[in-house]
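Notes for the one structure printed next.
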Amino acid sequence: MSSWFSSSAQAPPPQEGMSPGVEKALAFLILAMIGRLLKHRFSAPQLAGVQRLIMDATLPCTIFKALCAVSLDVELLRWPLLGVAFVIVQLAAAAVASKLFFADTIRQQTARYQLATAAPGLSAFVFIKEFVGDAYAGPAALFDLPYKLYLVLVLPFLLGVPAPSMSKLVTDPLNVSILGGLAIAFTKTPYASLGALGQAASLLAGAQTPILFVLIGAKVKLSGATPAVCLALLMLRHAACYVYVAIASFGTDAERMTLLLLAQAAVSVVGWGQISRARDAGGSYDVDLAFDVVGYSMPLTMALQTAACLGVLPSLTVMPLICLIAGGAGWALLRRKGSDDALAKVA
């Protein structure tokens, strides 16, 4: 006998939801929208406090956890070599793009060093695991290894950050996280053996992404020339990335897709953090411009990653041309007569 609480009808089979990669991209967008809606509730000092929380708590823990996982398999040595080549390509492309857009040294150097960063862990790994396979997570991590070392060891030197004193070395959260992470990796200490310390670091590292995207929504500039400048710069950066992939692609379809997704990675929040440190140490950098580049890079990369995984991204011979045309059009519009040099309005 049927009742209001039971039925003889069979339940419909569960429907497949959207892929985790696309779902994560939408989640990032929602977090940014939440930040935008809450923007009026935050004063400038409060936003600066959230920024400081990222710099002194979540970002050091993210770096610490990433460095603890560093390992090198000799059989996969080609992947970190590809990563080294990618760092060089990014530095060259960023130098050209920044000179095209900015005449003043402050913004030119800021754009150069921020554009020449990448965050595959945040913006590529989830797509690789979902659309290529878990087996390629290891090669992807090895490709990312040179960038990790560049961001934490080489970039501060390029930015002119002075060598820290002994007291600064043991009290600055970012320095402590780098030294601790490298020590764990060098001694091959299992992360699980860190116990409560490892759990605490993981919790803070996990909090970085939601806090960062809410901050992006609340802080990134949507008016004036800023969106056009940032997107045009990023399109020129991606043009170089696609040329790199077209030249360096090798092996199976899965390996080529892995390399493409890694090359499309967004710029790194660690780069913004290092630029902020350099400015605090007396360097001349535009920290807000660096943050805006990060803010616009994330949604652009998520759209490109989704398109690549769904098979609707144009070929590698066409994408560099599309990016060059888009970046060049942005530059021309910002330099057009009567615009009163829109690039000057970014700052």
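Heads up, the Cβ atoms here are built off N, Cα and C, so glycines get one too.
Among residues of the same chain six or more beyond the transmembrane segment (78-102), those with a C-beta under 8 A of the stretch's C-beta atoms are 72, 108-118, 139-140, 142-147, 150, 229, 232-233, 236-237, 239-241, 243-244, 248, 259, 262-263, 327, 331, 334, 343. Residues or ranges marked as transmembrane segment in TrEMBL: 78-102 (among others).
Residues or ranges marked as transmembrane segment in TrEMBL: 149-171 (among others).
Listed as Cβ neighbours of the transmembrane segment (191-216) (distance under 8 Å, sequence separation of 6 or more from its ends, same chain) are residues 28, 31-32, 34-35, 38, 47, 50-51, 53-54, 57-59, 61-62, 64-65, 68-69, 122, 184, 269, 291, 294-295, 298. Feature annotation from TrEMBL assigns transmembrane segment to 191-216 (among others).
Residues or ranges marked as transmembrane segment in TrEMBL: 228-251 (among others).
Summarising the annotation, TrEMBL assigns transmembrane segment to 313-334 (among others).
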